[in-house]
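*Asks:* Here's a structure for you.
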């Protein structure tokens, strides 16, 4: 562009930042000044003029302002405008103005627009204006786009001569200036930075895709070499605005192709590795070539299409001159895009053709429609400006196919058809053609109407016949296609009367009827039916009860056992037939209601009673034929037995058991069915005294001075439980007896008798009805006496486990001694009988060595046994230990690791005394088994050790201890164990074998999560399973929470999988951990989980207070303090009459005045508190109870003057109680009532 390499072409752009979409005009005033001319650029208010100078700095000028520019040759700078706008040059008084206006404001009388000015001369070395160095202007590069009203790029000869008054940049110190004295570009606003970074990232991705897509960018042999890229601060050496779209337009065009074929250069884009990128001269020349697209020519216009032709873009004069000095190369092959708009010149354009041909045919157009068409040239990723639109109008044609006609009305011999007019396609519809098939159904149509009307009446048709019709429209251009055929049918004649209706089924409140279709009616005829009904004795005649096209009907809501008359009539479009013959049907009777509750007539006897009942209140429409009485024994009512069936309303129930309870019920039968059961009558039969008892019998042998008797209950208890027995004794030769026993027991002992005497006994029983008869007498003789006490026995020990006891015979007391009883025991008070017989000695075996034993002897004869002898003491010699009998496993808490050092034991004892010592170490129950046993008897010699046998393993020998822990075992394994004690005399026997099993390894902790939360509670869940525990749950959990001191405290221990933690603080974090345990032991604790409670809503407010003023009212409410630093505001709502609540105030005040009140309306107010959180949305509390403001009472002057102050005060509207006040009043009344009742009970009942 210039001969000097030090100079760079200046890039100048104007930004129109206005709120209006219409560009404001820009004014360029030109003044002659020697060889150069000054051009004034007028910047309108609200807009900006931005310049990038040769040193890379940006200068932004905001309107209203005028920017003087120097032009050496007096030419107007090039103006690039967006699509839809044109330029106009106006010269007034030697001043030329360039206006950018919409196409609607373009004036043909002005100068022709300068769309493509010639390039500037190559030797334009101009001095640029340098603005104040302390006011650097750095607009972002992404703002240089073709917005409405912008002027595009300017060449080097247009240099700004304006000192800006407004600076839009940060202040930069003078020490940061480059050597040439100009301020560097150091500022971008946030929006510019974000857009620049996003676009630069897109370009890098596109370049990366080209580098890895299968080869580098290689220029063709006819293309010039790639232009070098400059530094980030160097502006581009060519125009950066393409097609009035700036960087954005170029970027969109570059999306189709990443390189320019034939030129060997990259497509110009907004982002490269430099800021901004540089376009080479070839690309700019090609862009200007594409912009020279001429208007298309419409060659052939049809109704639904048109043919277009156009010429390829023409090079400018400067391009032709430049081309002559270079080698001739082949012209590039352009492609073209044709776009069409049917909504006006400035409307939306849609692409109709895209290709390389110079002509195209557009199809699928609308007839008689105005269109605008334009052409745009393209070459790879470069798009030229669209051409000027050309308008044309398509031709008219025949109408569109009309919709099928519809049936408006019809009779038996005529049909009235109507239709809607279709689109006329530019030519008015003159006539319609209606054709029909004459009812033949052959598909051959004949014309039946031709004319301009939109309806037609077809006459002289046959009844109940189907006809087909179709329609076509005609205008000056031709006849449209026929519509789809539509079938229509004529009406039939009035149907004949149907046959009388028939009964299908009769119910209590309904009748199901059916009838037949009238004879002779065709199937195509739509026939409806009207069923009429007359109730017998109603006097209303026949009334319709059904109207429809079905041939059956169920008439409901009828009366039971009532006669009804029915008839049916048929109708169609032509009329209604005569009614059918009448039919009579009667509804079925209903079942009767239950009889009244039965009652007892007279006094019941022990075995019978008489009962009576009343008939049912509703017999169901038919008479009761019989009654049935059922009786049940007992009060359960599980089984019932029929005892009476007949028409009478009383009966006698006999053959009953005295004292038993019975239930009786009644139901009746009629033609309508069986009634429900009546209420149950409960009857208690009176009891009688019990029957005679069996003779009492003697228990055992009679003794010398007492006899024990036993008896059985009587076989007949008389209907009542036997409560007492009486026993009488008769002395020998005595006629009167003496009662010796009275009570409920079935045995007794009669004492104070003489030995060898004969006594008589008899028995009788009693219940609540009295005593029954006595039993027969029983005779019993007493026995002889027992012998005397024996002398102390003599004991001789034969071995440690064997001893021989001998004794002498005592006096027999008149009866020979038949046996002796020897008692032996280790304690004097717990001796057991070890021998019974007639012998005088006995040998005892299986005794314990080194043990004291006691013994005594007793003699007996036929009369009994005598007293025992004196007790004798005996001690057996020593022996080996006894077998270990009591062995059990240790609990897990008892399996402590013992430290054998005496110091450690003393420290643990002190720690247990103080209560704050460390927890002892425990053996693992999975690999260890703890045993504890009771020391067996040492049999006189001290036990020295124990031997533990654990099956296949080596036996374990321990010291004289009673507790031992077996280690190094397998988890979840069973072992057979037995223990043997040893002393100085030898080894004792083994204990019995018992099984012990090691526990499995403890479980791992589950994962803890929070399922629900509020400002005071947290619901925690862990593991998989039901929320509630079951009795079979063996796995349990231990949940802990960290307190303020950093210690974990227990919250829950059990088998459940959820737990709700309550009484928490709002907006607070809490730390939890969990542990699982089962019979194997306690597992490890989980990692720490932290959950936070949300903020709490404000508390509910009390009802606001309302005070009426003249035409306003004042509402006040209580104030709430701030909630943990969060301020509280209030929301007041009002409801007028029955409307909805509306917000009338929101703020921090607690008083609000509402003006312009209606004197006849009722107002209701309520208020709520709102917590304003600093880092969260507002939290709205509950609304208070409502307060009502009643309208004032209007009084006449006469009445107000006549009434005194007290009367006026009484007539004032009273303030109604709020919901909270009403609740408090009810609670107070209940409390006072409870206190009074308590005082009354204390005074009258307790005292």
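Note that Cβ sites are derived from N, Cα and C of the backbone, with glycine treated the same way.
From a predicted model like this one, the values you see are computed outputs, not experimental measurements.
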*Asks:* Which of these ranges is annotated region 'Disordered' in TrEMBL: 823-855, 856-888, 889-921, 922-954?
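*Replies:* Residues 889-921 are the ones TrEMBL records as region 'Disordered'.
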*Asks:* Select from 28-54, 55-81, 82-108, 109-135 the stretch of residues annotated by TrEMBL as region 'Disordered'.
*Replies:* 109-135
*Asks:* If you check TrEMBL, which stretch out of 505-528, 529-552, 553-576, 577-600 is marked region 'Disordered'?
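*Replies:* From TrEMBL, the annotated region 'Disordered' range turns out to be 577-600.
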*Asks:* Would you please say which range out of 1197-1221, 1222-1246 has the annotation transmembrane segment in TrEMBL?
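*Replies:* It is 1222-1246 that TrEMBL annotates as transmembrane segment.
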*Asks:* Per DSSP, what is the helix/strand/coil residue tally across the domain 'Fibronectin type-III' (1097-1194)?
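*Replies:* Each residue of the domain 'Fibronectin type-III' (1097-1194) counted once, the result is 0 helix, 43 strand, 55 coil.
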*Asks:* The domain 'Fibronectin type-III' (497-590): mean pLDDT?
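*Replies:* Here the predicted model's pLDDT, averaged over the domain 'Fibronectin type-III' (497-590), is 88.
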*Asks:* Go ahead and report the DSSP secondary structure tallies for the domain 'Fibronectin type-III' (914-1001): helix first, then strand, then coil.
*Replies:* 1 helix, 39 strand, 48 coil
*Asks:* Give the residue counts of the compositional bias 'Polar residues' (577-586) per reduced DSSP state, in the order helix, strand, coil.
*Replies:* 0 helix, 4 strand, 6 coil
